[in-house]
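Have a look at the structure below, then the notes.
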Amino acid sequence: MNVLVINAGSSSVKYQLYNMNDESVLAKGRVERIGLDSAILTHEPEGKSEVREVSEILEHTTAIKKVLDMLVHREFGVLHSIKEIDAVGHRVVHGGEFFSTSVLVTEEVKKKIKHLFDLAPLHNPAHMLGINAVEANMGDVPQVVVFDTAFHQSMPPEAYMYAIPKIWYSKHKVRRYGFHGTSHQYVSERASRFLNKPLDSLKIVSAHIGNGASCAAILNGKSIDTSMGLTPLEGMMMGTRSGDLDPAVVTFAMGKEDLTLNEVNSMLNKHSGLQAISGLSSDMREITEAMDEGDKNAKLAFDMYAYRVRKYIGAYAAALNGIDILIFTAGVGENSVILRKAVCDGLTYLGVELDDHRNETGRGIEKRISSDSSAVDVLVIPTNEEWMIARDTYELVMM
Ligand code: AMP
């Protein structure tokens, strides 16, 4: 059975085709600059060289058609016919309070995703375009939606409610939802397997730190708290996002700088975080390079970033009343030896003991980086959200 995984953005579509029989990736790629006459399709078929095609792609239906054409291309394809794709799984950012698991796409499900456009205006409408584009090209192929928020629907009210006028919740569903759920769920399951300990007996803190960053407290396999909130802006400091701040900063800055709602939103989402403090880059690689060369702003950005990761781990150790496993994942978490060290060196009170040699881990492998005597197993687990989407899709379609 083959499953096509789609992550549709407003001007891009990423895809990955899995053979579920042996869990292999047959091909992956992306279409970028949808809406322009110079859109780019990059296709990476397994065992063949990468193909790049520039053409006019004005909307998502054409983008999906190009992807499907490429998958059955005589030279670069990996399938004989589109009929060999048995199901399609979509990443959907916001499932609101409607969805605590992945579901098969129906008219009712589509209505609910549309209902959530207000809560995720940059994401959910684009995902909807992806779903409709698959329908237009592939008829009634079963489609499944996998939500970034679903894993965190197990949070108790004391974790998800904001202490604000209740009518904002009852009328507009203003509450904390959390994101990166597919990743937090995946790495916690992998950690349990890696250590050969049952998930329902574990207190796990997972730190998904990439361009976006979030931390989750996972008790017996269920999320009980996470650092992102109504939107992916809350929580840890990120590449270009502020993370936590006093909400009064927003109204104060709007008044002083004469900013509109859109402008302040853009400042906090696109012009804050590592980028703002370093004045250099949102990329941790460039920050650490500049820091090594003595750049003080880069050093402050790094220190603030690491400090906030450490604070969240401490908070979640409190939420869980202890911690058995600490997981680092995503771009920064999987790759930055120095960030992991900066975070863990301040967690000795929890019994965290990093093994510096093990911490110098190679990329792409699951590894324990704590010492044998550490009270907490510290793991690096490469995340794989696409695989989780493929797996949920397979399971729902086979049921
Ligand atoms: P992600 O959003 O998970 O794809 O993570 C992307 C981010 O990971 C990049 O913006 C970098 O900041 C970070 N990253 C990737 N490779 C490294 C590395 N070798 N060292 C430090 N940070 C890295």
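From the backbone N, Cα and C atoms, a Cβ is placed for every residue, glycine too.
Now, the feature entries from TrEMBL:
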type: ACT_SITE; residues: Asp148; note: active site, proton donor/acceptor
type: BINDING; residues: Asn7, Glu385; note: Mg(2+) binding site
type: BINDING; residues: Lys14, His208, Ile209, Gly210, Asn211, Gly212, Asp283, Met284, Arg285, Gly331, Val332, Gly333, Glu334, Asn335; note: ATP binding site
type: BINDING; residues: Arg91; note: substrate binding site
type: SITE; residues: His180; note: site 'Transition state stabilizer'
type: SITE; residues: Arg241; note: site 'Transition state stabilizer'
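A map of TrEMBL features onto the structure.
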{"residue": "Asn7", "record": "Mg(2+) binding site", "Cβ contacts under 8 Å, 6 or more apart": "Val13, Lys14, Tyr15, His90, Arg91, Gly130, Glu386"}
{"residue": "Ile209", "record": "ATP binding site", "Cβ contacts under 8 Å, 6 or more apart": "Met236, Val309, Phe328, Thr329, Ala330, Gly331, Val332, Gly333, Leu339"}
{"residue": "Asn211", "record": "ATP binding site", "Cβ contacts under 8 Å, 6 or more apart": "Met238, Gly239, Thr240, Ser282, Gly331"}
{"residue": "Arg241", "record": "site 'Transition state stabilizer'", "Cβ contacts under 8 Å, 6 or more apart": "Gly212, Pro232, Leu233, Leu268, Asn269, Lys270, Ser272, Gly273"}
{"residue": "Asp283", "record": "ATP binding site", "Cβ contacts under 8 Å, 6 or more apart": "Gly239, Leu274"}
{"residue": "Arg285", "record": "ATP binding site", "Cβ contacts under 8 Å, 6 or more apart": "none"}
{"residue": "Glu334", "record": "ATP binding site", "Cβ contacts under 8 Å, 6 or more apart": "Phe328, Arg363, Gly364, Val380, Pro382, Thr383"}
{"residue": "Glu385", "record": "Mg(2+) binding site", "Cβ contacts under 8 Å, 6 or more apart": "Arg91, Thr182, Ser183, Tyr186"}
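Largest Cα-to-Cα span within the ATP-binding set Lys14, His208, Ile209, Gly210, Asn211, Gly212, Asp283, Met284, Arg285, Gly331, Val332, Gly333, Glu334, Asn335: 24 Å. Checked against ligand 1, the recorded positions Asp148, Ile209, Asn211, Asp283, Arg285, Val332 give Asn211, Asp283, Arg285, Val332 in sequence order as having a Cβ less than 6 Å away from one of its atoms. By neighbour count, meaning other C-beta atoms within 10 Å, the densest spot among the recorded positions Arg91, His180 is His180. Just so you know, the Cβ of the residue listed as 'active site, proton donor/acceptor' picks up 25 other Cβ atoms within 10 Å once every protein chain is counted. Annotation note: Asp283 (ATP binding site) sits in a coil segment as assigned by DSSP. The two recorded residues, His180 (site 'Transition state stabilizer') and Asp148 (active site, proton donor/acceptor), have Cα atoms 5 Å apart. Reduced to three states, the DSSP call for Asp148 (active site, proton donor/acceptor) is coil.
Counting every protein chain shown, the Cβ of Lys14 (ATP binding site) has 19 other Cβ atoms within 10 Å. According to DSSP, Asn211 (ATP binding site) sits in a coil region rather than a helix or strand. DSSP assigns Glu334 (ATP binding site) to a helical segment in the three-state reduction.
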